[in-house]
Amino acid sequence: MVKAENVEKAYAVAKERYAELGVDTDAAMEQLKKVKISMNCWQGDDLHGFLNPDQELTGGIGVSGDYPGVARTPDELASDLHEALTLIPGKHKLQLHTIYAVPDRKKDFDEVGPEDFKYWVDWAKKEGVGLDMNPTFFSHPKVKYNFTLASPEKATRDYWIEVGKKSREISNYFGKELGQLSVNNFWIPDGFKDNPIDKQSPRERLIKSLDEIFAKKYDENNTIEAVEGKLFGTGIESYTVGSHLFYNNYAISRGKLWTIDAGHWHPTEDVSDKFSAFMPFGKGLMLHVSRPVRWDSDHVVIMDDALMRITRSLVRDNELDRTNIGLDFFDATINRVAAWVVGARSTQKALLQAMLAPIDQLKKAELNYDFTTRLAVTEELKSYPFGAVWDEFCLKNNTPVGTDWLDEIHQYEKDVLFKRN
Ligand code: RNT
Ligand code: ZN
């Protein structure tokens, strides 16, 4: 067990070290406390959901691994999420999907409405968390040849348009019941494995379908839509209808949020560089913080350079207020609760490290063409005692410090997860 008194001692020194640079560590912790991370519920059950859990996962996304303890029921998932939330400092949110509805009879994707999410609203109230929504456009027989909202068949489009409309009702219900914004994120898998002849008609059909889904007005304090593009998915390598440029334009022309999933780009592209190019024109961002590894876009988030670039951009450009931070990964080779904790804590750590910098002074140096100071200070900052501030943040927010949380996960495995199989 980490000794609280050591955390306090280290923090006292760190506070002084940062103060010498003009950085207020208490203010940084206050700022961090306000940032909500929206947890991806699907990490807990390998994206099976409860509507058709035996259906194969489609849409060009995949979960690999068979670590024991996967959640199979709403109660199991809720319990695992609770466990994770106790190990992550602060108050957060949860992202749901249509397939996580808890209906009292068998229902299809286009039939579930707010009443089928009461389970999660009650849970969220108890936990003091917010809820975000995602309509599910995959893992269903009506995904025809990898097409949903951009399908050439009207009947297929109409089915998925209804799923989209229902998700808005559900998201609006979340926002109203919980008194905080619910982001409703749209991602569809539509595309071709091989080179298409006609690249334009599917995109025109997608615009029409989305416009129809979004025709009804909802109070944007309750719900707002976000649209998520992608470079490609497995089996859909040659053409993605909802490309990045497509949704960038859609979001700007329709006043929607643009979702940037960090795993959806060419590996050498720096997603953090997109924010400041979009924000002056756009309403706001939704992030799917993820980690691409070669062809896979969804590894557990770690505090790597890509994540640090993301958090530095948001903090330095002061865009946290207009950015909704969500996690998106699925790893079944490790303890699934630990995956949430690692992803969320790493994101918070990266935010904190970005906040612990003399940003105003550095901006001033830059304006004065003093690039030497900019380079030297940002480089020295990397070895400042940020870990001591992070530990203090955990301690102050009654969550385990250092690897202590892992002991709790091991206990939970023994008591709960390993008893499931
Ligand atoms: C898929 C998208 C999408 C999904 C979730 C489950 O490539 O990233 O966000 O991961 O909806
Ligand atoms: Zn995503």
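Using the three backbone atoms N, Cα and C, a Cβ is placed for every residue, glycine included.
Here the structure is a predicted model, which means the values were calculated and not measured.
Among the candidates HIS264, HIS266, the residue that TrEMBL names alongside ASP296, ASP298 for the Mn(2+) site is HIS264. A Cβ within 8 Å of the Cβ centre of HIS264, ASP296, ASP298, the residues given for Mn(2+), is found for these other residues of the same chain: ILE61, ASP261, GLY263, SER290, ARG291, PRO292, SER297, HIS299, PHE329. Within the same chain, residues at least six positions away from ASP296 (Mn(2+) binding site) with a Cβ under 8 Å of its Cβ are GLY62, GLY263.
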